[in-house]
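The structure appears right after this line, and notes come after that.
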Amino acid sequence: MTSDANLRESATPDTAWQDDVRAGVRHVRDLASLPLSPAERAAAQEAAASHKVRIPKAYLDLIDWSDPHDPIRAQVIPSPDELIAAEGELDDPIGDHAFSPVPRLTHRHADRVLLFPTYQCAVYCRFCFRKESLTSIGRGYTREALEPALAYIAEHPEIREVILTGGDPLSLPDAALAEIRARIEAIPHVRLLRIHTRVPVALPSRITAGLVGALQGRLMVTVVTHFNHPREITSRAEAACRTMRQAGFVLLNQSVLLKGVNDRVEVLEELCSELMYRLGVKPYYLHHGDLARGMAHRRTTIAEGQALVAELRQRLSGICNPTYVIDLPEGGGKVPLGASHIEGREGETWLIRGQDGKLRTYREVVG
Ligand SMILES: *Cc1c(COP(=O)(O)O)cnc(C)c1O
Ligand code: SF4
């Protein structure tokens, strides 16, 4: 990025988000001003050593401090439970590293790659499945660091989708995003740019005309947001999503199923319907809790998740329903966990349970 680009950026009027960052929690020491419990206070320093603390003001303001189990608080305030590593938990829960041929890139499915322009985020979620990488690598964006990954994409014509993830790609300056977008769109076989981000949730004021403009070009753009609770759906988040929709971006959401945050059907129902009907964001995935260290206290069982999504299917239309998936260890990928409706088969006749719970037969007739 040139110094000119920096100047242009700070001269734009769209800088309200910088106040949101400045007035938020930027370091663990900023937690001192918050009404934490003695146990949270004691845990904070130690927890921050393995996963940074950062909370923009807009997100901090959503916390109801009178509720010790507040679902917003649970996502960002370090808890003493984080310090307990359970047997079987993993540093790299979904096998990003094993499928990384060059730094800052993971290639597990032929047609799409993960690209990590930065290992920093606008907010640090306590349950993050990449917290180990964010802490051990931790670096931000530089042009040079991305060169091997861009060369790899150029050399692999089977790659059609580039997924910017991290870290949070939308924590980068507009000029850096424009540069990354231009480099990717210069590779002719790439068709879609996908961005996985928590910025529309935690720092919605950052979704400015300048940011959106930086991403517009030849490529189809899909933004996958990360809302976990209906209280995160605010008028600011609504404005951020409207800006992105009006720019022509396709908006999807992935949520993580978290005990004590969104593991009740009423909460998921409101989350998924408000995402679709208010924000115009299609619920895409509901992730079963992966095996990130220190997260046993936020994990549900798979059976609990299956019961929740079965009930959700009864209550909400198809477009409001996410697919419940587990991202398997060792790079097994994302696999649906929803209960199968197939109860049996005899030759060409399948026994399938309907949405009303009754068993029906379907006999295949193929010419
Ligand atoms: C999640 C993920 C993707 C994207 O998967 P979709 O099912 O297309 O959303 C791609 N590559 C890796 C390594 C992933 O973990
Ligand atoms: S924004 Fe994403 S990558 Fe960053 S801490 Fe939260 S879950 Fe992890």
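In case you wondered, yes, glycine gets a Cβ from its N, Cα and C as well.
Automatic prediction, not curation, is the source of TrEMBL annotations.
Confidence across the domain 'Radical SAM core' (105-319), taken as the mean pLDDT and rounded to a whole number, stands at 96. According to TrEMBL, the domain 'Radical SAM core' annotation covers 105-319.
According to TrEMBL, the [4Fe-4S] cluster binding site annotation covers Cys121, Cys125, Cys128. Annotation note: Cys128 ([4Fe-4S] cluster binding site) sits in a coil segment as assigned by DSSP.
What TrEMBL records for Lys334 is N6-(pyridoxal phosphate)lysine. Of all Cβ atoms in the protein chains displayed, 17 besides its own lie within 10 Å of the Cβ of Lys334 (N6-(pyridoxal phosphate)lysine). In this structure, Lys334 (N6-(pyridoxal phosphate)lysine) is part of a beta strand by DSSP.
With respect to ligand 1, the binding-site residues Cys121, Cys125, Cys128 contribute no residue with a C-beta closer than 6 angstroms to one of its atoms. Annotation for Cys125 ([4Fe-4S] cluster binding site): spatial neighbours Gln75, Val76, Arg198, criterion Cβ-Cβ under 8 Å with sequence separation of six or more.
Burial estimate for the binding-site residues (Cys121, Cys128): highest at Cys121, by number of other CB atoms within 10 Å.
Taking only the Cα positions, the spacing between Cys128 ([4Fe-4S] cluster binding site) and Lys334 (N6-(pyridoxal phosphate)lysine) is 17 angstrom. Looking at Cys121 ([4Fe-4S] cluster binding site) and Lys334 (N6-(pyridoxal phosphate)lysine), their Cα atoms lie 23 Å from each other.
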